[in-house]
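What TrEMBL records for C134-C173 is disulfide bond. Taken from TrEMBL, the feature domain 'Lipid-binding serum glycoprotein N-terminal' covers 8-229. Taken from TrEMBL, the feature domain 'Lipid-binding serum glycoprotein C-terminal' covers 244-440.
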Amino acid sequence: TNPGFVVRITQAGLDYAHQQGIVILQKELAQLKLPDISGDFRIRHVGKVRYEISRLSLRSFHLPYSRISLVPNVGLQVSISNAFAEVDGNWRVKIHFIRDHGSFDLKVENIYIKINLRLGSDTSGKPTIDTSDCSTRISKVRVRFSGKFGWLYNLFHSAVESRFRKILESKVCERRGQSSGSFWWSSALPFTAKIDAMSGIDYSLVAPPTATAQSLDVKLKGEFFSLANRSAVPFPPLALAFPPDHDRMVYFGASSYFFNTAGFVYHTAGALVFEVTDSMIPKGIDFHLNTSTFSAFIPQLEKMYPDRLMKLRLSAPSAPFLNIGPGGLSLKPVVDIQAYAILPNSSLAPLFLLSLTCNVSAVIDVRSGRIVGSLKVGRYEGEAARGGAGAAPVRTLQSIMNIVASSILLPRLNARLDQGFPLPLPDRIQLSNILVRFHQ
């Protein structure tokens with residue numbers, strides 16, 4: 001399926017992500033569990049020597065020079081050079097009837113590591129990571145023994161150092177193979193993002209990431225869903241042609257499908273229904289929501305329900321559908337306005353139904369890792385209001401609806417849009433120097 005949302009990470013973005021990821025990798029390598037080492041060898045004129053190396057502890061693993069780079073059609077490559085590690089532990093030796101033990105310090109220098117990471121996705125759309133290739137080379141290992149027979153180091157240090165070199169080289173790649181993506185990629189993109197008590201966003205992958213020489217493109221579902229009852233979206237995502245830009249660290253591309261699934265979810269949940277009463281009219285506006293006001297347009301109201309307060313129920317008969325073009329975002333939702341008279345027993349008497357098509361423009365921005373927005377209502381289009389109280393021309397009611405929309409409805413909608421919807425960002429990552437552009 002086509003993505004509703006795309007994330008592009010360029011080499012410049014990877015260079016920054018490397019600062020975060022290499023800290024994780026350095027901690028992970030420092031947690032390597034090294035096995036005990038034992039063996040024996042013969043010394044001329046002395047005989048058989050049995051030794052044991054135990055309780056190995058990797059005190060540190062330093063990665064002074066490292067880089068994450070793109071590997072086309074594979075994913076990423078982590079390359080490390082001139083790394084060094086420090087190990088300590090205990091040693092024990094036996095020569096005939098002579099026994100001794102002590103401690104040792106080991107320094108591993110000039111470590112070179114190259115790991116190719118194949119980035120993918122499983123059947124549920126969660127990101128996966130596999131080590132497609134791993135190589136480690138260690139050029140220098142130095143061991144310093146302490147104890148009465150420390151001089152034996154000069155006799156078997158080459159054997160011990162060789163064993164250490166082989167163990168460390170294999171353990172580094174083994175660790176990367178066993179790791180379930182603890183590198184930055186595994187937590188780079190949230191699988192789902194909860195928005196509020198009603199909805200969330202599905203950010204699962206619809207295809208494995210695509211790596212080129214310039215960027216890593218990650219195609220996400222980008223679909224709003226109901227937390228209470230998830231149902232299929234009745235329209236497919238359109239093809240998203242991502243612009244060929246690579247100048248910035250990271251790009252986010254949202255198609256109209258992303259926004260329209262939000263409209264579908266909130267409409268299905270009944271969240272796009274608003275009731276307006278006279279008490280909600282802001283002070284300072286010379287307008288009251290009662291039959292006396294509306295009798296100027298519908299004279300029958302004063303006779304049928306004299307001097308009664310009214311209630312307006314605004315609803316959308318269908319989910320609003322948003323369009324994106326070079327000029328910005330726009331939508332033309334249909335709004336049904338059902339007017340009621342509030343009777344003495346608090347029951348409602350239907351008066352008229354007004355259907356309007358609103359020309360709405362939307363402004364989109366990004367703030368604190370969230371997509372925020374605001375709406376502005378333009379010209380209305382519609383038919384005459386009809387109902388039990390007779391009919392009235394739409395144009396005569398538009399000024400009243402402008403008051404309702406501008407002073408009550410839009411502030412509520414814009415307050416919610418100002419809270420925003422989360423972008424798929426790793427923890428502790430903040431965006432700066434943000435530029436928002438619109439494309440067809």
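Just so you know, glycine gets a Cβ as well, placed from its N, Cα and C.
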Quiz item: Over the domain 'Lipid-binding serum glycoprotein N-terminal' (8-229), what is the model's average pLDDT?
Solution: 82
Quiz item: What residues, ordered by sequence, lie under 8 A Cβ-to-Cβ from C173 (disulfide bond) and sit at least six positions away in the same chain?
Solution: I115, T131, C134, S135, T136
Quiz prompt | Cβ-Cβ neighbours of C134 (disulfide bond) (radius 10 Å) | solution = 19
